[in-house]
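Undergrad: Sharing a structure below in structure tokens format, with a few things to ask.
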């Protein structure tokens with residue numbers, strides 16, 4: 001905390017003048033400060049040449065009026081030239097009229113550098129403060145970047161430009177790798193909803209167990225089981241596509257259709273069908289449990305991972321509903337069964353989305369999602385570059401190869417060749433044969449290397465940034481003292497606004513008392529600057 005202590009003085013006349021040098025170091029000019037707002041007494045509230053006693057976080061100093069008058073544009077210079085107590089109060093955080101004490105709640109370390117500035121006229125960068133905190137302190141005291149010493153200015157600007165936020169100035173995410181207070185407070189606000197809920201402590205503990213794999217040993221076991229079920233479901237879907245299973249199940253389906261029965265019950269291998277039922281039961285248990293334990297139902301349906309969980313089980317239940325609806329209508333003909341088979345195939349294809357469930361247990365996949373969310377500008381630029389390059393080189397290739405009958409018959413047909421060439425994939429299914437076509441292909445490949453590499457570098461840097469932030473956020477949630485937070489939640493409802501205000505005032509009085517107890521450690525007569 002910073003405190004400016006002003007000793008009591010005799011007052012001067014109603015109007016006074018203070019000689020202030022120009023900020024650029026020119027000839028001194030005589031500036032009229034202000035007029036005293038007490039016309040009946042005709043005396044000024046303090047002498048213009050009186051020293052200021054300064055207390056910054058327990059560090060007390062006396063600042064001479066001559067030193068402050070050299071820099072009238074700074075906060076202390078304007079305070080020294082203040083013509084009334086009311087004007088001075090607007091420049092400080094608090095003022096004790098009895099002790100003539102001005103109070104500032106600022107960084108004491110920066111104030112020591114500020115004293116050096118008033119002595120020498122040059123401000124040096126403090127390594128103990130980050131560049132943004134240093135800049136905020138300098139702005140508060142009325143110092144600009146021009147006040148920086150030449151030896152520190154280049155280093156300050158370099159550190160300011162090399163901050164983590166420099167790579168993403170348009171992003172709305174915090175620049176630090178550490179989780180910001182807003183992210184932690186969002187988690188705490190979600191947990192605070194359990195305070196007034198029924199069985200809040202138990203629901204909160206179960207919700208953290210299911211949502212945070214590193215929360216406890218049971219949560220790690222639950223995560224391992226969930227990952228195993230997801231992998232088993234994906235493996236069953238892949239095995240089902242093997243030729244031997246396809247031939248056997250196709251014959252059984254034809255026989256079922258001929259008998260007027262639904263082919264759904266015979267298309268699956270019995271072992272794979274039982275495994276599918278088990279996976280569906282587990283996924284349904286996960287979704288229903290998370291829905292019941294969620295602190296907010298509305299936020300539950302807004303979370304992307306929860307939507308993925310719902311989509312993973314939705315095809316199975318839609319297939320059952322389609323079968324029941326067809327059975328209620330009495331449709332046993334081949335046309336209805338054929339439509340049902342197409343619907344079932346579409347629903348089966350949706351099972352591939354189950355692989356996205358792994359994102360709940362993978363920091364890398366969640367970081368990838370956050371990267372794509374905050375990289376839409378870079379992705380748009382990448383697609384724009386590709387579209388321009390494909391259009392240009394496809395037209396050139398069509399002009400050079402249209403007479404050769406090698407697949408470049410139309411410009412839209414050349415788009416496929418241009419896309420695989422610019423992305424340096426090069427399937428080789430369509431290749432130019434003329435010299436002009438080969439030159440166009442070479443330019444297309446080189447242009448793809450240069451154009452695609454530029455946005456990809458930015459996207460990769462963002463992925464690394466979000467990955468570190470996600471790891472830090474998980475560590476912060478995992479290492480938080482949950483028991484203390486639960487005790488806090490249990491007492492929130494009993495605290496009224498009046499008691500909160502009383503606690504706030506008591507805390508401020510305690511802080512002032514702590515500062516007063518530190519005062520004797522300072523010399524009784526601070527050094528004059």
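In case you wondered, yes, glycine gets a Cβ from its N, Cα and C as well.
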Undergrad: Scan 377-398, 487-508 against Swiss-Prot and say which stretch is down as transmembrane segment.
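TA: It is 377-398 that Swiss-Prot annotates as transmembrane segment.
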Undergrad: Would you mind telling me which of 412-423, 472-483 Swiss-Prot tags as intramembrane segment?
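TA: Feature intramembrane segment in Swiss-Prot: residues 412-423.
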Undergrad: If you look at how Swiss-Prot annotates this chain, which of 341-361, 509-529 comes out as transmembrane segment?
TA: 341-361
Undergrad: Kindly tell me whether the record in Swiss-Prot places residue 294 on the same side of the membrane as residue 373.
TA: yes
Undergrad: What mean pLDDT does the predicted model reach across the motif 'Selectivity filter' (424-429)?
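TA: Summing pLDDT over the motif 'Selectivity filter' (424-429) and dividing by its length gives 83.
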Undergrad: Using a Cβ distance cut-off of under 8 Å, indicate which of 218-239, 305-322, 377-398, 439-467 has the most pairs with the transmembrane segment (271-293).
TA: 218-239
Undergrad: Which residues, given as numbers and ranges, are at least 6 beyond the ends of the topological domain 'Extracellular' (432-438) yet have a Cβ under 8 Å from it?
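TA: Here the qualifying positions are 396-397, 399-401, 404, 406, 408.
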Undergrad: Give the residue counts of the topological domain 'Extracellular' (432-438) per reduced DSSP state, in the order helix, strand, coil.
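TA: So the topological domain 'Extracellular' (432-438) is made up of 4 helix, 0 strand, 3 coil.
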Undergrad: Using a Cβ-Cβ cut-off of under 8 Å, list the residues of the same chain that are 6+ residues beyond the ends of the topological domain 'Extracellular' (399-411) and lie near it.
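TA: Contacts of the topological domain 'Extracellular' (399-411) (Cβ under 8 Å, skipping residues fewer than 6 from its ends): 417, 429-434, 436-437, 440.
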